[in-house]
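In Swiss-Prot this protein carries:
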- 27-201: domain 'EngB-type G' (DOMAIN)
- 35-42, 62-66, 80-83, 147-150, 180-182: GTP binding site (BINDING)
- Ser42, Thr64: Mg(2+) binding site (BINDING)
Amino acid sequence: MKKTNDNYHSARFVMSAPNIHHLPPDQGMEVAFAGRSNAGKSSALNTLTQQKNLAKISKTPGRTQLINLFEVAEGIRLVDLPGYGYAAVPLAIKIKWQKALNEYLNKRDCLRGLVILMDIRHPLKNLDQQMIVWAINKRIPVYLLLTKVDKLSRSASKIQLDMVKEAILPFMGDIEVDVFSSLKKIGIDKLQNKLNAWFSGSVNE
């Protein structure tokens, strides 16, 4: 397989789907991006692909209501999952999102890894930890990105990073954590390397 780090900038939007029943066939490889509303998922995807408008960014938390697919190369996709944890979303919609999220995570066999984005100032909220536990139980590798690191000083960022590293030890799974900033392009190379490693496996036919 061609190195995908040469292809991220060529990523293209494929579709938005309300649930897995509207997604393409469960083939190839996908890496999903998850996180609380306003954790910076869309910004991270745009930075990764060097396309500022690939994933729509909104200042309104909870705007990502659908499963959004982006194709990097044939059979290789990035998935932007609905943001979770925004209290102002009506309960009926919240339940609908939760069902779509659960179905994708539990039934999508081509999922190769899960990137969970968390604001470095507010990491490891209950829903974040639930996502980690789910992934570990399913033996899905997890990459935690502490976003918006540019909002903190270097020393404060290190304190937060060390705290999260310590906190995830009890999870005992394939889980790593790094800092990230879409604004300052911090952590982009490490993210690319992680995705390349996940995508280097054999394609699920």
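Using N, Cα and C of the backbone, Cβ positions are placed for all residues, glycine too.
Feature map: annotations from Swiss-Prot on the structure.
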residue : record           : DSSP (3 states)
Gly35   : GTP binding site : strand
Lys41   : GTP binding site : helix
Leu66   : GTP binding site : coil
Pro82   : GTP binding site : coil
Lys148  : GTP binding site : coil
Phe180  : GTP binding site : coil
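Of the listed binding-site residues Gly35, Pro82, the Cβ environment within 10 Å is emptiest of other Cβ atoms at Pro82. When the binding-site residues Lys41, Lys148 are scored by other C-beta atoms within 10 Å, Lys41 scores highest.
Averaged across the domain 'EngB-type G' (27-201), the predicted model reaches a pLDDT of 91. Cα-Cα distance from Pro82 (GTP binding site) to Ser42 (Mg(2+) binding site): 11 Å (rounded to the nearest whole number). The number of other Cβ atoms within 10 Å of the Cβ belonging to Asn38 (GTP binding site), over all protein chains shown, comes to 23.
Cβ neighbour count for Phe180 (GTP binding site): 29 (other Cβ atoms within 10 Å of its Cβ, all protein chains included).
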